[in-house]
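Q: Quick one: the structure is below, and I'll ask about it shortly.
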Amino acid sequence: MKHAAATLGSGNLRLAVLLPEGEDLNEWVAVNTVDFFNQINMLYGTITEFCTEESCSIMSAGPKYEYHWADGLTVKKPIKCSAPKYIDYLMTWVQDQLDDETLFPSKIGVPFPKNFLSIAKTILKRLFRVYAHIYHTHFDSIVTLGEEAHLNTSFKHFIYFVQEFVLIDRRELAPLQDYIDKLAGRETR
């Protein structure tokens, strides 16, 4: 449990996720989505030697949750695949979304699409699955590498953000709900 409680002492993350006064909600969600993508990509990159086709033949988050890949474009019908393959598909798909100027405009004054929050919700829901896989399958490796404080701080920030703006349905968080509840409990003490 001590490893699950380790964080980087990053101040009050609940305050850090609040929409700054005068900031556009879509802009705030976009900036944070990019940051979370980069953090998760980096964290997952440190454990790729442990997350292999052999060790993780199914993309899962514990015995009850299995994820199949579909992007609606090249893969329309969800396919069962290994965790490394799923995460590779996911990271490529997210990068493509972030690079699409019609979805994530980088120029000031260019409006976000009307369905932007829906797009961000899908991205964040899928990024959550990487956290869930890491916690359920590779947390021992994270501890061995001494990265639990980084993972826990990143996840805590992510959860507070998606909760603040209701960006992931509670049922999607089920694989880590006990841990999320513990985070909330520690915050209120």
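Quick reminder: no glycine exception, Cβ is built from N, Cα and C everywhere.
Pasting the relevant annotations from TrEMBL:
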- CYS51, CYS56, HIS133, HIS138: Zn(2+) binding site (BINDING)
Q: Below 8 Å Cβ to Cβ and six or more residues apart, same chain only. Which residues does that give for CYS56 (Zn(2+) binding site)?
A: SER82, ALA83, PRO84, HIS133, THR137
Q: Under a criterion of Cβ-Cβ distance under 8 Å and sequence separation of at least 6, what residues of the same chain contact HIS138 (Zn(2+) binding site)?
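A: Residues satisfying the criterion: ILE47, PHE50, CYS51.
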Q: Name them in sequence order: residues not among CYS51, CYS56, HIS133, HIS138 whose Cβ is within 8 Å of the mean position of the Cβ atoms defining the Zn(2+) site.
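A: Near the Zn(2+) site, the remaining chain residues are ILE47, PHE50, SER55, ALA83, PRO84, ILE87, ILE134, THR137.
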Q: Check the DSSP secondary structure of HIS133 (Zn(2+) binding site), expressed as helix, strand or coil.
A: helix
Q: Please work out the number of neighbouring Cβ atoms within 10 Å of the Cβ of CYS51 (Zn(2+) binding site), leaving out its own Cβ.
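A: Taking all protein chains shown, CYS51 (Zn(2+) binding site) has 20 Cβ neighbours within 10 Å.
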Q: Using all protein chains in view, find how many other C-beta atoms are within 10 Å of the C-beta of HIS133 (Zn(2+) binding site).
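A: Excluding its own Cβ, HIS133 (Zn(2+) binding site) sees 25 Cβ atoms within 10 Å.
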